[in-house]
Amino acid sequence: MADPRDKALQDYRKKLLEHKEIDGRLKELREQLKELTKQYEKSENDLKALQSVGQIVGEVLKQLTEEKFIVKATNGPRYVVGCRRQLDKSKLKPGTRVALDMTTLTIMRYLPREVDPLVYNMSHEDPGNVSYSEIGGLSEQIRELREVIELPLTNPELFQRVGIIPPKGCLLYGPPGTGKTLLARAVASQLDCNFLKVVSSSIVDKYIGESARLIREMFNYARDHQPCIIFMDEIDAIGGRRFSEGTSADREIQRTLMELLNQMDGFDTLHRVKMIMATNRPDTLDPALLRPGRLDRKIHIDLPNEQARLDILKIHAGPITKHGEIDYEAIVKLSDGFNGADLRNVCTEAGMFAIRADHDFVVQEDFMKAVRKVADSKKLESKLDYKPV
């Protein structure tokens, strides 16, 4: 009796294993079927898109009733048209770009605002991965900048509790090479927000009204992509003091400045758009640009003192391959009047001296030679007296 029973048990185990194996294969096949169904649907949608007729780009002028809108097509004429049921009609405000059906001219979908290629390029400027620890000797300036730019974007409720309006922007001013652009890059890389880097001289256009239009589009883009930081470098290119005499080119720059002033403090508020401006010549800027309400805080970034120079030198010398003890304090004592860029140049020159000596490392003597060489070239520079603004 035992043999048939054992045989039956063995058959049962065998069938059970086969069942598990088939069940596993069935699950795999179901996953494959799911994936293939997705691919099929995507291919079908792509095929429909290829076969479908194109659409006309238009602009909403006015809403007549709940279902009817006046739109202007790009080819000129105006039409009273309907709208797809699935669309949120509250978004169809005057000025909204929409796609119209070729035959019925029904509003099929809304389109994003048209962006100038220059503004689009500004938004794709990568600030890089810069941390505050990489900036030496500017702890007070970093604190002031973060209070104005970072705090209103990350903790706006603090300002609501106290009952004050958050600052709109700040001006970074000081001698060249002191880290103004680096500070702005650090703020942008530490915050999860959009960043527009604008070189002010690139805004100026030879055609009347084009520069002001670019400023408008830049601020419209920033408002559509909040939170956003606009960093305008070398603001003295368009923010110079206004005067009555001048050529037509000067008047065009003044019109650009007036558009900038209007966008910064006009009827249309900036909300979560923050401004950082940088310049080497604060004395040439227009008083209307500097007033509170536009640039609420002016941060002076002066030449670093001895302790700050020591911090900066250690940061720049960190990645360098060194041999033996390096006396940073002795190097810093010879670097009176140096800015951050000069101290980085000292490290580069020290590396060049090591390469010239056919070494794979830098020694103390290389740094001493480099700091003397940079000090000699500094004598050629002219100095500006930076008064507080």
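Backbone N, Cα and C atoms are what each Cβ position is placed from, and that goes for glycine too.
The Cβ of Lys72 (N6-acetyllysine) lies under 8 Å from the Cβ of Gly58, Glu59, Leu61, Arg78, each of these being in the same chain and 6 or more residues away along the sequence. Taken from Swiss-Prot, the feature N6-acetyllysine applies to Lys72 (among others).
Note on Thr181 (ATP binding site): other Cβ atoms within 10 Å of its Cβ, all shown chains, come to 17. The ATP binding site annotation in Swiss-Prot covers Gly174, Pro175, Pro176, Gly177, Thr178, Gly179, Lys180, Thr181 and is backed by sequence analysis.
The feature N6-acetyllysine is assigned by Swiss-Prot to Lys206 (among others). There are 9 other Cβ atoms within 10 Å of the Cβ belonging to Lys206 (N6-acetyllysine). A coil conformation is recorded for Lys206 (N6-acetyllysine) in the three-state DSSP classification, outside any helix or strand.
Among the features that Swiss-Prot reports, phosphoserine is placed at Ser244, with the record citing a large-scale study or a structure entry. Cβ neighbours within 10 Å of Ser244 (phosphoserine), excluding its own Cβ and spanning all shown chains: 4.
Gly177 (ATP binding site) sits 30 Å from Lys206 (N6-acetyllysine), taking the C-alpha atoms as the reference points. The Cβ neighbour count for Gly174 (ATP binding site), using a 10 Å radius over every protein chain in view, is 21.
A simple way to gauge crowding: the CB of Gly179 (ATP binding site) has 24 other CB atoms within 10 angstroms, across all the protein chains here. Thr181 (ATP binding site) and Lys206 (N6-acetyllysine) have their C-alpha atoms 27 Å apart, to the nearest angstrom.
The Cβ of Thr178 (ATP binding site) has Ile301, Asp302, Leu303, Pro304, Asn339, Gly340, Ala341 as same-chain neighbours under 8 Å, each 6 or more residues away in sequence.
Secondary structure from DSSP puts Lys72 (N6-acetyllysine) in a beta strand.
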